[in-house]
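Comments concern the structure below.
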């Protein structure tokens with residue numbers, strides 16, 4: 001009914017009245033309606049917040065794959081003692097809010113006063129594993145508007161993983177949440193301040209004008225300038241070709257083609273590292289113990305443990321040379337002597353002389369794998385199929401199951417034309433039409449009179465590893481490795497399982513490629529020599545299937561295809577963009593896996609060349 005006020009300023013924002021430095025007295029007031037709201041913000045008010053972070057993980061995957069960092073890791077342990085929870089307090093970590101509604105004269109949002117972490121919060125129920133929460137207070141007044149982003153500076157010696165920031169009791173708004181999930185290094189490592197945006201979504205045209213400058217600045221930082229060698233704290237996403245698979249300085253046998261930007265190999269692309277060219281070939285990039293990727297692309301804490309425990313057992317490039325001589329003690333070179341030797345991988349492990357194990361650096365995380373007593377070294381988890389029965393893998397039922405539920409279920413297709421034909425250039429490779437006949441197929445069609453009837457009812461399927469292998473088969477078989485091109489015809493039974501009906505194995509014609517191939521067809525058998533030959537034919541198909549999966553289906557058609565999209569998304573779409581938020585979870589670990597693969601799997605003399613059938 002009656003008010004007495006002294007205002008230094010009155011502003012309106014989003015329909016609300018805000019009174020700065022006001023002295024207000026109400027007499028005989030009656031609350032008539034709860035819908036209208038009035039906000040009173042007084043100079044010097046505080047906004048309370050909670051910041052969640054994780055200290056540097058001593059099991060960081062980048063340290064474990066870089067021998068130089070193993071030494072640094074010991075020193076870093078001393079640094080981690082210094083950077084305890086208390087070291088985050090004081091002036092170690094600085095934050096400044098950025099307004100999304102109040103611009104400066106230059107257009108960018110106002111930047112608030114510096115604020116520092118106050119104290120650790122030990123009883124926050126929402127904290128995840130190894131996460132720590134800190135309280136923080138920001139000075140705030142009505143002229144600042146609504147926070148839409150913040151700057152952060154790390155003045156400590158080591159980096160930390162910033163999880164989130166939550167601001168509570170924002171007048172007229174409530175809570176503002178910032179999802180960060182990013183490594184923050186010492187502020188001197190960055191040319192521009194680290195900026196994080198509130199968990200809102202805006203396409204470019206709808207971005208609040210005070211945030212446009214910061215949105216553009218962040219994208220400019222992520223694009224870089226295309227020069228210089230990248231460092232681990234860089235956050236730059238840029239393109240390069242696959243010119244780091246070979247090591248021509250070690251000799252011609254270690255040189256590999258450059259994949260990308262050529263008529264023969266137009267694709268793929270990878271993240272640029274900026275390493276120096278090799279001395280022998282200026283177009284090839286030199287290799288080192290680690291490969292740059294933006295730190296936020298590194299493995300998450302959960303997935304890294306799986307990769308270490310199961311991956312390093314079989315793909316550790318540093319271990320393999322030390323084991324080769326020891327393997328030859330127990331096995332014929334490059335071969336197993338018996339199935340018992342294979343089962344030992346899962347039951348007893350491979351027993352090695354102590355002098356071999358002593359040469360392997362016993363990382364703590366690998367203590368179970370790299371034992372020092374010479375017992376059960378490299379013991380693998382047994383596959384489900386041999387947990388039930390050691391002979392189950394030999395059956396036609398298991399063979400059919402693996403075609404659709406094994407390592408490579410994407411290649412099988414319905415048989416539409418018979419006999420299967422090749423798409424290879426006949427002028428170069430001759431006639432590659434399949435030699436499988438109707439007479440070999442029709443006796444096992446289970447109720448269907450003719451092959452054509454089975455095709456029309458979509459009961460016949462083809463698994464083909466012929467055209468993809470033939471161009472390389474003569475070269476493959478010139479080494480100690482032996483392989484066949486294969487075609488497999490399978491029948492879909494009424495119970496929904498697949499039954500193999502015929503396998504065709506082919507070799508290049510001895511008189512030359514233009515004469516086609518020499519092919520043999522093998523049919524199911526359950527006893528005698530024929531059963532053993534049938535089992536061997538299935539083994540060649542399965543090996544082709546797994547090798548093709550790793551090299552083509554899994555690598556070229558997935559990982560190598562996706563990495564350019566990861567790079568493009570980070571270069572072109574702000575974290576505020578809805579499409580970025582949609583795509584980002586699907587990119588997790590892709591660049592890191594690809595970098596590790598180029599380092600140890602698909603490189604010259606790497607794991608795949610050493611262990612896969614095709615060499």
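Any Cβ shown, glycine's included, is placed from N, Cα and C.
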Candidate ranges 248-291, 292-335, 336-379 [criterion: TrEMBL lists as region 'Disordered']: 248-291
Helix, strand and coil counts within the compositional bias 'Polar residues' (280-289) (DSSP): 0 helix, 1 strand, 9 coil
Residues of the domain 'PLAT' (64-198) by DSSP state, where helix covers H, G and I: 27 helix, 65 strand, 43 coil
